[in-house]
Amino acid sequence: MKTIIVFLSLLVLATKFGDANEGVNQEQMKEVIQNEFREDFLNEMAPMSLLQQLEAIESTLLEKEADRNSRQKRCLGENVPCGDFPCCGKLVCQKTFGYGWLYKSPYCVKPSNG
């Protein structure tokens, strides 16, 4: 019986003093929450801006890499049958006397001056 009375008196004292400090504790908790929120917000903003910077850098690098990996259109050299593919540089796709009569297709040749 004595132990029950001791526990009940401790319970009453804890409840009474706990309620007295509740207003102070709530204000402290609000301050702590606001400070944590501000710190979390700032901590989240820094990685977000870093993430955005990394994405911008990555997109420019991918564009450069895509340009580097893409080939120029293939072209045909001199004395090669042309048709669907263009001739390289200063060569012109013409029917010639030498090869044209055998294969019946135009060839990439140097343009004649005349």
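Note: Cβ is positioned from N, Cα and C throughout, glycine not excepted.
In the disulfide annotation of Swiss-Prot, CYS82 is paired with CYS93 out of the candidates CYS75, CYS93. Minimal Cβ crowding within 10 Å, among the disulfide-bonded residues CYS88, CYS93, is found at CYS88. Neighbour density at the Cβ, taken as the number of other Cβ atoms within 10 Å, is lowest among the disulfide-bonded residues CYS75, CYS82, CYS87, CYS108 for CYS75.
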